[in-house]
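Heads up, the thing below is written out as structure tokens.
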């Protein structure tokens, strides 16, 4: 799903959630090649070179999430929880740790040693970043979320300084395992670990489209 379309969907779901018309939900999807940057991003690279990137097929979006610059693309699974945070925790940082834990458990399922870095959000494997987080919380409700590199092309990360960390290396499950990973299996693993960590039951709503919104998980 194109990033702008997904962002508008998040806004719609957030409005419905804050008005009590829907339950908490988690969108799992993939984006076409896209750079995004958050409120704290001060570098000029993505801003001044936006047209150049778009000519080679990479969209660029300024967002209202936290964090700096990152890349999304096919083969990377993105999760957007639209939820009332205090139903799970009153602590913003604990919420970030919960999102990290979802990715940690998914990657660990494949026998890969995963860790956190005290000074950074996200998930690391083999001294490289594999899981990313950028969220927005307003009036107690969340949007944006996490992304996990699975089978995606990693070369576009070379155009940016991911998360503002100089010299950062990035990895994917595919690069660490030297084999392509079944994305359907990844969705199922994320779903199961998310349900366990957030202590919630789930109902699936599926819809397919280019770079599909593969699964919406409505939490009850």
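The backbone N, Cα and C atoms fix where each Cβ goes, and this holds for glycine too.
Per TrEMBL, the features are as follows:
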DOMAIN    20-202  domain 'BPL/LPL catalytic'
BINDING   65, 66, 67, 68, 69, 70, 71, 72, 145, 146, 147  substrate binding site
SITE      129  site 'Lowers pKa of active site Cys'
ACT_SITE  163  active site, acyl-thioester intermediate
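Positions of TrEMBL features highlighted on the structure.
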residue : record                               : Cβ neighbours (10 Å)
65      : substrate binding site               : 21
67      : substrate binding site               : 23
69      : substrate binding site               : 22
71      : substrate binding site               : 25
129     : site 'Lowers pKa of active site Cys' : 22
145     : substrate binding site               : 23
147     : substrate binding site               : 26
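Residue 145 (substrate binding site) and residue 129 (site 'Lowers pKa of active site Cys') have their C-alpha atoms 16 Å apart, to the nearest angstrom.
Take 65, 66, 67, 68, 69, 70, 71, 72, 145, 146, 147, the residues named in the record as contacts for substrate: the widest Cα to Cα gap among them comes to 16 Å.
Residue 147 (substrate binding site) sits 11 Å from residue 129 (site 'Lowers pKa of active site Cys'), counting Cα to Cα. Across the residues of the domain 'BPL/LPL catalytic' (20-202), the predicted structure has a mean pLDDT of 91. The distance from the Cα of residue 69 (substrate binding site) to the Cα of residue 129 (site 'Lowers pKa of active site Cys') comes to 14 Å.
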